[in-house]
Amino acid sequence: MASNPGSDAALGTQNPLLSGSPRTKKFPLTEQEVFYMNCRAAYLTIFKSSLENIISKDQLYLALQHAGRNPSQKTINKYWTPQTAKLNFDDFCIILSKEKPTSKAELLKSFKKLDVNDDGAILHSDLQKYLTKRGEKMTQEEVNAVINLADINANGKFDYVKFCKLYMTTSEQCLKTTLERLEADSKLRRQQFGSHMEGSPERGPSPAPKPSPRVIRKNDQETFSSKGDTSHALLSTTRKFKTSVSFTMTMSANSNQDSTLTEPNLKDWQCAQSKGCFFLEEDGEVVSHQYKMHIAQRSVLYLTIKPLYLSQVEGKRCPWLSVDTALYILKKNENPAEPQLMCFTELRNREVFGWTGELEAGIYWLIPSTTGCRLKKETKPVTEEAQLVHRDETGELSLTSEFRSTLSEIFEVIDLDGNGLISLEEYNFFELRTSGEKCDEDAWAVCRENFDTKKNELTRQGFMDLHLMEANDREGDPLDLWVTLHSMGYNKALELTEACPFVINIYAERCKPRIKVVHMEACSGQLEKAICKSVLDRSDAKVMDGYENIIVHTCNYDTWITSIIENKSDNKVIIHINNELSKNCVNNRGLNIFAVEVAPRSTMVCQHVMPLNEQEEWIYCCVYSLVA
């Protein structure tokens, strides 16, 4: 979880009741401050202190409700897995930043799809069928509770316009009540603002959430200025650091564009190629295809990975082309759980990242990676939704040209071997991504019978017709089509903003290399170990003064900078990270200030940093402090 809780995905811009105080009239709260205050207000409705933990699903559900959310069971299960023992306030802020409050317009739009007469009402029979058969199915008892609401039901119909108004009013009142409770409790007020006294004429504090994996927040004891200026930071005396180390690196403009990758003479070399894709999940995690590579004999190899160019409509944005890519090559050893890192594609020539070297015969794992500095959740709202289907004069349904163009792009992405056809194996990766299910042999046989195929593989036209059939099955309702598009990384304008397709090329001098897609899963676990190993092999290491077991490693790859924290002690430690003095930089956390918890005898990736604008000089300046 690395998204900014102060982003547009926050609780909204409702001004807290504290804005009536003299201090806040003079110094209006920023959007991030409003978000943080709303988070605290909701949390402190359930707990006495934000240092307490959420220890059950029920507590999480209640806290989200008090924050103006209406979480489904699916949403709760996403954040409270079988492995979850507790969630802290930091986790709660991150969840709220990702779970946007439902707007009235969104509610109305959803209900309108069931409003066959376009009169603002839905028959109880239709509503009951929809609520018990679709999505997260409701019980009959739950449906009856909705139908029996006196103010919004009459004559066998459900008035969804009144319901939406009631829903929004209730949600706003819930949040307002929590804020009033926070305002009324001066003790909680002092806890929120640390040592900063109410009514101070100098400036308003900006409590800044600092989320990250394995974080224990201590925001109750520390606040920061809204501009992130350390000279104005309001640090309470309860926040103490035992020791600190700092790193400063100045990178010249275009330094990361210089060609450090030299392509060998590939005239007589043999090549294998495969495509793949990074997909950004709702929680900020990245999922991608992963591969096995077989080398028949010892040979010099040239491996590259780069974003995949798709045939685009003129004028359409291609944000994924600027996403950084890398490929880590691992080999199994005596301990299958600990494969050996052989190399990774750290050299660059424009958008291509590559590696040249010799490898022995054998089977290798190829794990793609992206830092997360460029591939981020889209925050800019889409003003106009693209049309996916339309009916002609005869009433026959067809796909719009814009949607057909997008489906053609998706076809290129899922055609992993690049032969212009979709095999059952390739189609299953697509199905797993969009529906979570596989297509068995019998279903594939039916698919081949009904849609255009060649050599038992689906053609581009067959892929189009498959989605047209889906639209017809839903009588033109594009809901399922949008689920597919969102799963593949497209927004409502049919722009690919939350995925990055890529292509891998493997050249071998002495044999024919082979590559096979074996998984599509989260880029974590083995990848994090590989990244840590690559940094440890060549980093600038600094030991925390007086704490020789705590080491910060920073590695400059020209294109990006990676830092990891090594904890050799027998106790967990909390490290506070401050990037505020960095210039023209963006990191994968999305925040300048955050804290991480490092488990005993472990090493973890702290952050990746890249230039915001590659045409300008960028300065990496970071202070790592051990929290007392």
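Using N, Cα and C of the backbone, Cβ positions are placed for all residues, glycine too.
Small disclaimer: the values here were computed from a predicted structure and weren't measured.
According to Swiss-Prot, the protein has these features:
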- Asp415, Asp417, Asn419, Glu426: Ca(2+) binding site (BINDING)
- 1-22: compositional bias 'Polar residues' (COMPBIAS)
- 222-231: compositional bias 'Polar residues' (COMPBIAS)
- 102-137: domain 'EF-hand 1' (DOMAIN)
- 138-173: domain 'EF-hand 2' (DOMAIN)
- 402-437: domain 'EF-hand 3' (DOMAIN)
- 1-24: region 'Disordered' (REGION)
- 192-231: region 'Disordered' (REGION)
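Sequence-ordered, the extra residues of this chain that approach the Ca(2+) site, with Cβ no more than 8 Å from the Cβ center of Asp415, Asp417, Asn419, Glu426, are Lys275, Ile414, Leu416, Gly418, Gly420, Leu421, Ile422, Ser423, Glu457.
Within its own chain, the domain 'EF-hand 2' (138-173) has Cβ neighbours under 8 Å at 14, 68, 70, 101-102, 104, 107-108, 111, 115, 120-125, 127-128, 131-132, counting only residues six or more beyond its boundaries.
Mean pLDDT of the predicted structure over the domain 'EF-hand 3' (402-437): 94. Non-local contacts of Asp415 (Ca(2+) binding site) by the CB criterion (under 8 A, 6+ apart in sequence, same chain) comprise Lys275, Leu421, Ile422, Glu426.
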